[in-house]
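S.K.: My questions all concern the structure below.
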Amino acid sequence: MLRRTFLMLTTSLAVACAASQANAACSPDYSGVTLTVASQTGPYIASALKLGADEWTKKTCGKVNVVEFPWSELYPKIVTSLTASDATFDLVSFAPAWLPDFVPYLSEMPKAMQSGKDWDDVEPAYRERLMVWEGKIYSQSMDGDVHTYTYRTDLFSDPKEKDAFKAKYGYDLAPPKTWKQYLDIAEFFQRPDKGLWGTAEAFRRGGQQFWFFFSHAAAYTNNPNYPGAMFFDPETMDAQINNPGWVKGLEEYIRASKLGPPNALNFSFGEVNAAVAGGQVAESIGWGDTGVIAADPKQSKISGKVGSAVLPGSDEIWNAKTKKWDKFPAVLPAPFMAFGGWQIAVPKVGKHQEAAWDFVKTLTSPEVSGQAAITGGTGVNPYRKSHTANLELWSKIFSPQEAKEYLGAQADSINGKNVALDMRLPGYFSYTEVVEIELGKALAGQTTPQAALDAVAKEWNRLTDEFGRAKQLAAYRAAMGLPPKN
Amino acid sequence: MSGQGLTGLSTLSRRLVALGVLAWCLITAFPLYWVVVTAFKTPPGVVGGPTYIPFVDFTPTLQPFIDLYQGIRGEFFRTFLNSTIVGLSAAAMATAIGAMAAYALVRFEFRVRLGAGLIFFLLALGGYLLFSNNLGFTRAQALLLAFPIALVIAIIANRLPLPGPILGNEDILFWFVSQRMFPPIVTAFALYLLYTEIGRLGFQLIDSYVGLTLCYVAFSLPIVVWLMRDFFEAIPIEVEEAAMVDNVPSWRIFLGIVVPMSMNGLLATFMITLAFVWNEFLFALFLTNSKWQTLPILVAGQNSQRGDEWWAISAAALVAIIPMMIMAGLLSRMMRSGLLLGAIK
Amino acid sequence: MMRNDPIKHVFIWPAVLVVLAISIFPLIYSFTTSFLSYRLIPPIPPRVVWFGNYVTLLQEPRFWNAILTTTLIAFIAVGLQYVIGFGVALALNARVPGERLFRVALLLPMLLAPVAVALVARMIFNPTMGPLNQLLSTFGLANLPFLTNGHWALGCIIAVEIWQWTPFVILMMLAGLQTLPEDVYEAAELENASAWQQFWGITFPMMLPISAAVVFIRLIESYKIMDTVFVMTGGGPGVDTETLTLFAYQEGFKKFNLGYTSALSFLFLIAITIIGVTYLALLRPHLEKRR
Amino acid sequence: MARVEIENVSKAYGPYKIIEGLDLNVADEEFVVLVGPSGCGKTTTLRMIAGLETVTDGTIRIGERDVTQLRPGLRNCAMVFQNYALYPHMTVGENIGYGMKVRGEPRASITKAVQDVARVLDLEPYLDRRPKQLSGGQRQRVAIGRAIVRSPDVFLFDEPLSNLDAKLRIEMRTEIKALHRRLAKTIVYVTHDQVEAMTMADRVVVMNRGRIEQAADPITIYEKPANLFVAGFMGAPSMNFIHGEIVARDGALVFTEPSGTALKLPKSREAIYAGSIGKPVVLGVRPDHVLRQDAPAGASIRLMVKDVEPLGPHTLVIGTVGAFPFTAQMPVGVAAAPDHVIDVALDLERTHLFDKVSGMAIS
C-alpha cells in the first residue's frame with residue numbers, strides 16, 4: 001500500500017519535526033504569503049511538493065498551495081499561463097524538455113543559491129547540464145531521472161535457470177551488458193503458460209513510450225566521438241533519428257514489445273511497475289520508481305528479490321559525422337537520462353519571487369529530498385550525491401544487497417561517462433508527437449522501422465525549418481551542453 | 001399507455017423482449033457496479049485480476065476514500081464544492097435567462113433584418129481588426145470597443161428598411177440552438193485568450209467564479225432555450241390572457257403564472273443543465289487553474305503519468321457520479337409522470 | 001397570439017447578450033486567426049498566409065484520416081444507438097415486466113462525465129486484468145488487443161459511445177411513443193395486422209420526425225467526440241482513433257499552432273454543416289410526406 | 001356607464017381579412033350574444049374588445065374611453081374563457097383573489113371580496129382546493145368568480161359553457177342570466193350554440209364571415225330573420241328551404257317549385273311579394289310551421305319520407321320535397337313510414353320568403 005506507507009512516513013516526519021521546532025520563530029518570516037505551485041496530479045511529484053510544503057510552512061509560516069493538473073494538461077496549462085503573463089503560479093514544476101519553451105518567462109535562480117554545500121551536493125549531470133540553459137540557471141532539479149535496469153534476483157540466481165540459459169545461449173545468465181543479451185533473457189523467460197513474461201516496457205502513446213525507445217537507441221547513437229549527435233547533427237541540425245543506429249534501436253524496442261505480457265502495447269510506466277511488482281516479468285527497464293515499488297512488500301510480490309543495474313549498452317555506435325559504425329573495445333553503456341527528472345522554477349510575473357526561491361531551497365534540501373526519495377509514491381528519485389551515498393536512509397525499504405545494487409545503478413548511470421541526455425528543444429511537443437505516432441504504427445506492424453523513422457526525420461526537419469534552423473540549432477547545442485557554434 | 005401493448009405478440013416473444021431489455025440493463029449496470037466494487041479494493045486486489053463480490057472474493061477497504069478525503073489525490077473536497085457551486089449557480093442562471101428568452105420567443109413577436117445581423121457581424125469583425133491591427137489597441141480593448149459599437153449600429157439599422165429577408169422567432173431560435181454546433185475546442189481556447197486579455201484590463205475572469213459560470217451559462221443556453229420553448233408552448237395561452245385581462249403586468253404573468261405552471265419543465269431543464277455543467281471537461285480545463293478547478297479535471301487527472309491506479313480512479317469517479325445518480329433517480333420519476341413529454345413534441 | 005409588449009426586450013436580451021459576448025469573440029478570433037501562420041510555442045510572430053492553412057490541411061492525410069475516423073464513430077455509434085434505443089423504448093412502452101426498475105438504470109449513463117466513463121471503460125477493457133477478458137477467456141478468447149489494435153480500439157470507442165448515449169435515444173423515443181394515438185393501433189388490431197406490420201406501418205412512420213431529430217442531435221454531438229477518445233486511447237495506436245476534435249486539440253494545445261487549428265476548426269464547422277444540411281435534405285421528402 | 005362601441009373595425013392577418021368594417025354598439029347593462037359558425041369572427045371580435053387582439057383598423061370605445069390602443073389590463077374588462085383558464089397552481093381562493101393581489105389591495109379586502117363571491121357562486125366549500133380537484137361546472141364558476149371580483153365595466157364570455165355537459169350547461173345558463181340581473185353589467189357573450197344565444201341574450205348578434213348578419217332581440221331573430229343565413233342558422237331543427245319562384249296564378253301569388261309543389265301565398269303579404277314575381281326565391285319553412293289538419297288545396301306539400309324520429313312530445317318526419325330536404329314536426333302518432341309519401345299542410349302565414357340572389361328576406 002503505497003499511500004499508507006507514505007502517510008505513515010509523512011506523519012512521523014511531521015511529528016518529529018513538529019516536536020523539535022514547535023516554538024521556532026518564522027525564519028525567514030513569510031507568514032501571510034501563499035505560494036501556488038503548478039504540478040501534475042498526485043501522488044507522484046505533487047506529494048513530494050506537499051511534503052516540502054509542510055516543512056517550509058513550519059520553517060517560515062508561509063503557505064503553499066499545490067495545484068494539480070493531469071500530466072497531459074500540465075504543459076498547455078503552464079504555457080498558457082506563462083504566455084498570458086498571468087501571475088497565477090508562483091512556481092511551476094515541469095519536465096526539463098519544456099524548459100526551452102519556458103525560459104523567456106522564468107526568473108533566474110538567485111546567485112546565492114548557486115553555491116555552497118547543498119549546491120555542490122547536486123549530481124553534476126543535473127547541476128551542470130539539465131538545470132542550465134544558455135549558461136544560466138532558471139530551474140532546480142527536484143527529482144533525478146535516469147533509466148536503469150531491474151531484474152528478479154530469485155530467477156537469475158536459480159541454478160536450474162542458469163544451467164538452462166547457458167545451455168541455450170552459450171553465456172552466463174546475468175544482468176545483460178548488451179541489448180541483445182537483454183532480449184535473449186526476455187525470450188528465455190517468456191513463459192505465458194506459467195504467468196511469466198520476459199520484460200516490461202512502456203509502449204502506449206502518451207504513456208512515456210518514446211523515452212523507452214530512446215533508451216534502446218541511445219546505446220547505438222550516443223557516440224562519445226561526436227558528442228551531442230544523438231538526435232540532431234549538432235553542426236547542421238539535420239535530424240539523425242532515421243540513421244542505422246536508431247533503426248536498430250527501434251527494431252529491438254519492437255522485439256521487446258513481443259516479449260512482454262499480452263497487453264504490453266497498452267503499458268505506460270504505471271503498468272510496467274505493476275507488472276514488475278506483480279512478479280509477471282523477469283526483467284524490465286525504467287525509472288528508479290520501479291525498484292522502490294518492487295521492494296515494498298505491501299504492493300509487491302517480489303520484495304527482497306529485486307536487482308538493479310545500469311542499462312545495457314553496445315560496442316558499436318553510429319557516428320553521425322562519418323556516417324559509419326564506430327567500433328569500441330568494450331561495451332559502452334549509454335545510460336539515458338530519460339525525462340531528466342522534474343524541475344521546479346519561478347515565473348517572472350510571480351509576486352513572491354524571494355519566498356518562492358526559498359521554498360525551492362527547502363524542497364530540494366538534502367534532508368527533505370532525501371526523505372522524499374525513499375518514500376514510494378513521491379516519484380522522487382536520487383539526484384543528489386547524498387541520496388545515493390546514504391545507505392542507511394535506504395535500509396528502511398531495501399535489503400542491504402538490494403540497496404547496494406539500486407543505488408549503485410543510479411549513481412553509475414548518472415555519473416556514467418557516456419550518459420545520454422534527453423532532447424530539449426523549443427517546440428518539443430511538435431517533435432515528440434510525430435515520434436509517438438510513428439512508433440505506434442511501427443509497433444502495430446503497419447510500417448517498417450526504417451519507414452517510420454524516415455517519416456519522423458522528415459517531419460523533424462520540416463519543423464526545424466519552420467521554427468528557424470539557426471535558432472533551433474543554438475538551442476539544441478545548449479541542451480546538449482555544447483558551446484555555441486562559432 | 002399508447003399503442004402496441006405487445007398484444008400481438010405471443011407469450012414467448014413477450015418474454016424474449018423482456019429478456020432483451022434485461023440484457024441491456026445489465027450492460028448498462030455492470031460498468032457502474034464495477035466502479036463501485038473497484039473503489040473498495042486494495043491495489044493488489046485490483047492487479048491480481050478481476051474480483052466481483054465484496055466479502056466473497058475480496059475484502060473491501062475504505063482506503064481509496066480515505067485517500068480522497070485526506071487530499072492525497074488532489075483537493076477533492078474543495079473541488080467537489082467548486083463543482084457544486086458552479087454547477088448549481090450556472091444551471092440556475094442558465095435556466096432563468098434561458099427560460100426568459102424561450103418565453104419571449106414563444107409569446108412575443110421578434111423581427112430581425114438579416115441585413116442588420118450582417119452589419120453587426122461585419123462591423124464587429126472589421127472594428128476588431130481595425131482597432132487591434134491599425135490603432136494599436138490590445139485584443140480585449142479592440143473587442144470591447146468594436147462589440148458595443150457594432151451592436152448599437154446594428155440595432156439602429158434594424159429599424160431601417162434594409163433589403164433582404166426578415167428573420168422571425170423561428171430563426172432566432174435556430175440561431176440560439178446552432179450555437180451548440182460550433183466545435184467547442186476552439187471556442188475554449190479563444191475564450192481563454194479573451195479572458196486573459198480582460199484580466200489584463202484588471203478584471204480577472206480566468207480561474208474565477210464569474211468567468212467559469214458565465215461561460216457555462218452561455219453554453220447551456222441553447223439547450224435551455226430549446227427545451228423550455230416546448231414547455232412554454234404547451235401552456236394554454238388563455239391562462240396568460242386571463243391574467244392580461246386582469247391587468248397583471250407581463251413580468252408578473254411570467255413569474256407568478258408561467259413559471260409555477262412550468263415548474264416541472266424548469267426543474268428537468270435545470271437538472272439536465274446541471275448534469276452538463278457538472279460533467280464538462282474542456283472549458284473547465286482551460287478556464288480554471290487552481291481555485292476553481294472542477295471534478296472532471298480532477299477525475300481525468302487520476303489517469304496520472306505513472307499509469308492507472310484503478311482503485312483510486314474508481315473512488316474518484318464514484319464521487320463524481322453519485323450526485324448524478326441521485327439526479328437520474330429524480331429525473332426518471334419525472335419521466336414516469338410524463339413531464340418530459342412537452343420537451344419533444 | 002403573439003404579443004408585442006416592449007417588455008419582450010427585457011426577456012430576450014440577457015440571453016442574447018450572454019451568447020453574443022461569449023460566442024462572437026471566439027468566432028471572430030478563430031476566423032481571423034485561420035488566415036495567419038501563428039504559433040505560440042516556439043513564439044513565431046503571426047504572418048498572413050490567407051488560405052495557406054486550409055490548403056495545407058486539405059492535403060494532410062492526417063486530416064482526412066481524422067474525418068474518416070470521426071465519421072465512422074459517429075455514424076456507426078449513432079446508428080446502433082438508434083436501433084437499440086428504439087427497441088428498448090418500444091419494449092418499455094409496452095410495459096415489459098419490471099420496467100419501472102429499469103428506468104433509473106437506463107437513464108444513468110448519459111448523466112455521467114464522459115471522462116469518468118472512459119476511465120471505467122479502460123478498466124473493463126483491460127486485456128489481462130479486466131472482467132471482460134475473464135469472461136472471454138472462458139470462451140477461449142483471452143487477451144484481445146482491445147485498445148492496442150486500431151480496429152479493436154475503434155470498436156471499443158464505439159461501444160462506449162453506445163453505452164453512454166443510447167439512454168438519450170431511449171428517453172426521447174419513449175417520450176415520442178407516448179404521444180402516439182391509441183386509436184390507430186386499435187384500428188390496426190381490428191384489421192388483424194401483425195405486430196411487425198403495425199411497427200412498419202404505423203409506429204415507424206409516425207415516429208419519423210422525432211427519430212430524425214434524435215439522430216440529428218446525436219450525430220452533431222458525436223462529431224465533437226473528444227473526452228472519451230482522449231482518455232481511452234489518446235488517438236492511438238498511431239493515429240488510428242484520432243478524431244477531429246482530438247486532432248485540433250493536439251495541434252492547438254500541445255503544439256500551439258493557432259492559425260492551423262483555427263483553420264481546422266472552420267473546416268470542421270463546414271463539415272458538420274454539410275453533413276447536417278445533407279441529412280436534412282435527404283430526410284425532408286419523408287418528413288413532409290407525413291405532414 | 002359602460003357602453004361598448006365598435007366602429008368600423010377591421011382585422012387582418014397579413015393578406016387574410018378576418019373582419020371587415022364591423023360596427024356594433026352594446027348598450028350599458030345589455031347582454032349581447034355573438035353567435036355564428038366557427039371562423040365567423042365572433043371570438044376575434046370579443047378578443048379585440050378585450051385587447052387580446054390588436055385592431056387593424058377602426059375604433060373601439062368602452063364607456064366614453066377610446067381603448068383601441070390600450071393594453072388589455074387597462075380596459076377594465078373581465079373575461080371568462082372556454083377552457084376556464086384557471087391558474088392550476090393556485091387554490092380557488094387564490095385564483096379569485098389574484099387580480100386584486102397583483103393590484104396591491106389590502107389582504108383583508110381581498111379575503112372579503114373572495115368570500116362574497118364564493119357565497120354568491122356556492123364555492124365556499126372549495127376555496128382551498130386546486131382547480132384540478134373541481135368538476136367542470138365548479139371550475140367555470142371559479143372563472144366567473146374571478147371575473148366578478150374584478151368588478152369590471154364589461155364582462156366578456158368566450159364560449160364559457162361549451163366544455164360542459166348538456167345538463168350542466170342548462171343550469172349554468174340560468175345562473176349566468178341570474179348573475180346578469182344581479183350585477184347589472186354589460187355582457188358580451190360569444191357562443192356557437194344558437195339555443196344559448198336565444199335563451200340568454202337581450203340582443204343576439206348573428207355573425208358570418210366577419211360580418212354581422214343581423215342584430216336583434218331573440219324573438220325578432222327567430223321570427224323575422226333578416227336573411228337566409230340567419231334563418232338557417234337560428235332555430236333547431238333548422239329551417240327548411242325550398243327553391244322556386246313566385247308566379248301570379250288565378251289572381252293570387254303562388255310559390256312554385258320545379259317538382260310541382262304550388263303554394264298559395266297569403267293575401268296579406270301579396271303586396272310585399274308582388275315585386276318578386278318571376279324572380280328566383282327561396283321559401284323558408286320552420287319544421288313546426290305545419291298544421292295539424294288535412295291540407296287545404298294550395299297549402300300542402302308532398303313529403304317523400306326518408307326517416308321518422310319520434311321525440312316524445314312530437315315526431316320529426318324527415319324527407320324531401322322535390323330535390324330539397326325537408327323536416328316536419330308532426331304530432332305523435334302521425335301515420336308516416338319511410339318510402340311513403342305524405343301530404344303535409346303548412347302554416348303559410350308564418351313562412352318566410354327570401355330573394356335567392358341577395359339572400360335577403362323579402363319584406
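Note: Cβ is positioned from N, Cα and C throughout, glycine not excepted.
Annotations for this protein, taken from TrEMBL, read as follows:
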type: DOMAIN; residues: B:132-331; note: domain 'ABC transmembrane type-1'
type: TRANSMEM; residues: B:16-36; note: transmembrane segment
type: TRANSMEM; residues: B:85-105; note: transmembrane segment
type: TRANSMEM; residues: B:112-131; note: transmembrane segment
type: TRANSMEM; residues: B:143-160; note: transmembrane segment
type: TRANSMEM; residues: B:172-194; note: transmembrane segment
type: TRANSMEM; residues: B:206-228; note: transmembrane segment
type: TRANSMEM; residues: B:253-278; note: transmembrane segment
type: TRANSMEM; residues: B:310-331; note: transmembrane segment
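Could you give the neighbours, burial and distances for every feature on this list?
M.R.: Among residues of the same chain six or more beyond the transmembrane segment (B:85-105), those with a C-beta under 8 A of the stretch's C-beta atoms are 169, 172-173, 176, 209, 212-213, 216-217, 220-221, 223-229, 231-232, 254, 258-259, 262, 266, 269-271, 273-274, 277-278, 292, 294.
Taking Cβ pairs closer than 8 Å, the transmembrane segment (B:143-160) reaches residues 112-113, 115-117, 119-121, 123-124, 126-128, 130-132, 137, 194, 197-198, 201 in its own chain, all 6 or more past its ends.
For the transmembrane segment (B:253-278), the residues of the chain that approach it from at least six positions outside its boundaries are 83, 86-88, 90-92, 94-95, 98-100, 103, 216, 220, 223-224, 227-228, 231-232, 234-235, 239-240, 243-244, 294-295, 320, 323-324, 327, 330-331, 334, 337, 339-340, 342-343, judged by C-beta separation under 8 angstroms.
Sequence-distant neighbours of the transmembrane segment (B:310-331) (same chain, 6+ residues past either end, Cβ-Cβ under 8 Å): 32, 34-36, 38-43, 45-46, 63-65, 67-68, 73, 76, 80, 83-84, 268, 271-272, 274-275, 278-279, 295-296, 298-299, 302-303.
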S.K.: Can you tell me which parts of the same chain pack against the transmembrane segment (B:206-228), counting only residues 6+ beyond its ends and a CB-CB cutoff under 8 A?
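M.R.: Residues packing against the transmembrane segment (B:206-228) from afar: 85-86, 89-91, 93-95, 97-99, 101-103, 105, 173, 176-180, 184, 191-192, 195-196, 199, 262, 265-266, 268-269, 272-273, 276-277, 280, 283-284, 287-292, 294, 343.
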